[in-house]
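Written out below as structure tokens is the structure these notes cover.
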């Protein structure tokens, strides 16, 4: 039986370090300064034979509800409300603070099992703080070190004691029982969610858009630019489509990024792009389509991901011919993803979300598309009849055979003579022909030239 644990505590006590250790990956950003984590992040964790959901949360701070810190606290309280048990963490080196005491009262009132972790307790410096934690009235504190992995066996025992029903081993099934009544497995496997990463400049409205798709304020939003730091994934079902959507930090020009934490956030956003199948580039309609938007789109194309452009905050501008001009600019400046869908949306008002999800589903299908060999070679014959490759130094280039070895993105191999002599302009001509003939808008197309391995070689 699965269960969920929320890691809570004041800022900089080591919550994200523990989260990363339990999920076995460096998913959450970690830095020495307090307040790095803002949104709550979920992951699949393992500890011994236990499998469970773990939630990393923002550090608890006393703050006005309308402030950024107050909104972060509301996200943490929501995580406490959804969890089966709480891992309350303190910094044993520093000892108890008034903030620890205040939020221990909050956790105690939630009525859920609480496991008290005295983190950073390795060495003599942590002993006094561990003993001091008894005063919180949350039970016996566990000496722990998230950084070095000390105390994990004690944590395992504490989880089993706190959640005996959820952690009890499942009874083994008798393989011979009821064999005559076992139904065959269905051929159709459950459909996987489409992995979607939302990228854009700071304050483009990425988190607001995802919250609207979810139908709840799951991600931290506000007027401040640069609120999102970690890349947070959430599962969305909208208009019948299943999506796993990654929210990311806003991407500024590299030359403007000086802060170490912003560099980490940008790297995390680009890593999320590499996990994606479809990338939604969210453009702020109240600002012109800038060079940074083009850079992001070019990165997506070079990474081989399907692209959809969301024209956000479109309710705030008089659209008129804006979309037409944007389409012309994108096709001219980004020929490698010609025909990319451009969808006017409003994350705040909820306008256009059905069209955005439909565009994501369509782009995913195109990205996965395969073309049979016979149609490919009929295409090759037709384009070479209409426009044969130019002769180089008096010698004709022979285009012999084309095949598609892989999709995601559509990738083609052309067997020909003198691959080094084929002009780039002719390769672009072939790629554009493939895109138009086989209906491949908005995805990068890979075309590789080879001289050997042609099964129809002379």
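Backbone N, Cα and C atoms are what each Cβ position is placed from, and that goes for glycine too.
On a predicted model such as this, the values are computed, not experimentally measured, just so you know.
Annotation comment: Swiss-Prot describes 3-167 as domain 'EngA-type G 1'.
For the recorded site, residue 12 (GTP 1 binding site), the DSSP three-state label reads coil. The feature GTP 1 binding site is assigned by Swiss-Prot to 9-16, 56-60, 119-122, with sequence analysis given as support.
The annotation compositional bias 'Acidic residues' is assigned in Swiss-Prot to 171-187.
Annotation source Swiss-Prot lists domain 'EngA-type G 2' at 194-368.
Reduced to three states, the DSSP call for residue 248 (GTP 2 binding site) is coil. Residues annotated as GTP 2 binding site in Swiss-Prot: 200-207, 247-251, 312-315.
As annotated by Swiss-Prot, domain 'KH-like' applies to 369-453. The average pLDDT computed over the domain 'KH-like' (369-453) stands at 91.
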Among the binding-site residues listed here (203, 206, 314), which has the Cα closest to the Cα of residue 57 (GTP 1 binding site)?
206
How far is it from residue 203 (GTP 2 binding site) to residue 12 (GTP 1 binding site), counting Cα to Cα, in Å?
26
Work through the binding-site residues one by one (9, 12, 121) and name whichever has its CA nearest to the CA of residue 248 (GTP 2 binding site).
12
Given residue 15 (GTP 1 binding site) and residue 206 (GTP 2 binding site), what distance in Å do their CA atoms have, once rounded to a whole number?
25
Neighbouring CB atoms within 10 angstroms of the CB of residue 203 (GTP 2 binding site), all protein chains considered, total 18
On a simple 10 Å Cβ count over all chains shown, which one of the binding-site residues 57, 314 is most densely packed?
57
